[in-house]
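As recorded in TrEMBL:
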DOMAIN    6-151  domain 'Phosphotyrosine protein phosphatase I'
ACT_SITE  Cys12  active site, nucleophile
ACT_SITE  Arg18  active site
ACT_SITE  Asp125  active site, proton donor
Amino acid sequence: MVLLQRRVLFVCLGNICRSPLAEGVFRHHVKQAGLEEQIYVDSAGTASWHTGKKPDIRSIQTAQKHGVDISNQEARQLEDEDFEKFHYIIAMDASNLSNIQAKAPYLHTANIRLLLQDEQKDVPDPYYGANEGFDEVYDLVRDGTYNLLQEIREEMEPTEI
Ligand code: 4NP
């Protein structure tokens, strides 16, 4: 049986706060569903400022509180190849979405959209705010990534899941 691997990329601005948390929490949902072989997960930032850095300590600690380890992730910038490699490119907020769309090649097959597409809501940037902002990001990311996984499962062939 040929399995088509689905590849999902979470994107924010710096790739140190929101998208690493989304990557870690989504991967956690994927593992719980037993779909690690079928779904590949990564994250990136539209900016290059933090390339090579670990996630922000506040994101690492927020993830840890919920049993998710994101401490081994390393920030990278969104690149042209991502638009060929990934089936889903998931933006944390409307500004990320327009930056991704501006970078996208004219012809591409990636499904580019907001994490909280149904609600048309942003995952707010917590970088300059208080620690509680990270709890809010976690709650939004947990629900958004859970719904995304259900959507992807519905698109997969019944024989694959
Ligand atoms: P992120 O948060 O996009 O969720 O990773 C930010 C991280 C860094 C900066 C802004 C937002 N910054 O200005 O350096």
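Easy rule for this one: first residue shown is 1, then count along the chain.
Cβ from N, Cα, C; glycine included.
Those TrEMBL annotations? Automatic predictions, nothing curated.
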Structural state of Arg18 (active site), classified by DSSP into three states: helix
Looking only at the domain 'Phosphotyrosine protein phosphatase I' (6-151), report the model's average pLDDT. 97
Inside 10 Å of the Cβ of the residue listed as 'active site', count up the other Cβ atoms and send me the figure. 34
Give me the non-local Cβ neighbours of Cys12 (active site, nucleophile): same chain, 6+ apart in sequence, Cβ-Cβ under 8 Å, ordered along the sequence. Arg18, Ser19, Ala22, Ser43, Gly45, Thr46, Ala91, Met92, Asp93, Asn96, Val123, Asp125
By DSSP, how many residues in the domain 'Phosphotyrosine protein phosphatase I' (6-151) are helix, how many strand, and how many coil? 58 helix, 25 strand, 63 coil
